[in-house]
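Let me begin by presenting the structure, written as structure tokens, before commenting on it.
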Amino acid sequence: MVFWEGYVTDEAMGTFAPILVYWLYAGLYQLLPPLDNYRLHTRREEDDKNSVPLPSVVKGVLLQQLVQATVAQGLFLLTSKANISGITVQPSIPVQIVQIVIAMLVMDTWQYFVHRYMHQNKFLYRHVHSQHHRLVVPYAIGALYNHPLEGLLLDTFGGAISFLVSGMTARTAVIFFCFAVIKTVDDHCGLWLPGNIFHILFQNNTAYHDIHHQLQGLKYNYSQPFFPLWDKLFGTYMPYNLVKRPEGGFEARAVKAMKD
């Protein structure tokens, strides 16, 4: 039993809830006061280094979400597990947890290798992936700011494959995709807030991904959005130290870069 049962179908929730959650969670970060004592970059750095205005970022994210919603609707339609009465039998809670963990690992695997290839292939980086890196200083609303082709290959296809391999129902997908969206937004929020549960539970977090957006980290920390497993296995893991800036806030400083 879920709170939307009887009001909205699982398929509709799986399509539109992640979009709503994205804007609610990213919007919350956007509405926060400056919080200069917790920023990984100063506001001046954000203004100077980012080469794309906020309205263009919003348009880019909305375009990607339109594509994602279209693919999600088709995917749910083709994989419906409903019986003749239109009812989908939901697996037990332990089975759903296992499916979510499998989906996390599949998504991490897909995104690591596609993301890494987009950096290694000069044509793809220059014409596709570099759009995301126009936000040198990441912020929450820009988490899904990508070239449309990247959004399709990296995020939309990655989500679809995770859903299919895990065997989850549309109802379980609501939980998984909303969680994945929240984690992705948090990884791009640019803030190191005390008590942030994602910073406590995940090595792959805001500071970890911030290293990747810095010049010396472009060829490291490809893993997203959950675990740094593939970075560690393939030698692309770059650890960091969080250094407190005298003027307030923190700096994620790459350890390898400090040794060079």
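Residue 1 is the first one shown; counting continues down the chain.
From the backbone N, Cα and C atoms, a Cβ is placed for every residue, glycine too.
According to TrEMBL, the protein has these features:
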- 101-236: domain 'Fatty acid hydroxylase' (DOMAIN)
- 12-32: transmembrane segment (TRANSMEM)
- 93-114: transmembrane segment (TRANSMEM)
- 135-154: transmembrane segment (TRANSMEM)
- 160-182: transmembrane segment (TRANSMEM)
(message) Mean pLDDT for the domain 'Fatty acid hydroxylase' (101-236), rounded to an integer?
(response) 97
(request) Report the DSSP secondary-structure composition of the domain 'Fatty acid hydroxylase' (101-236) as helix, strand and coil residue counts. (result) 95 helix, 1 strand, 40 coil
(request) Between the transmembrane segment (12-32) and the stretches 93-114, 135-154, 160-182, work out which stretch tops the count of Cβ pairs under 8 Å. (result) 160-182
(request) Mind checking which residues of the chain, 6+ beyond the ends of the transmembrane segment (93-114), have their Cβ under 8 Å from one of its Cβ atoms? (result) 153-155, 157-159, 161-163, 165-168, 172, 175-176, 179-180, 222-227, 229-231
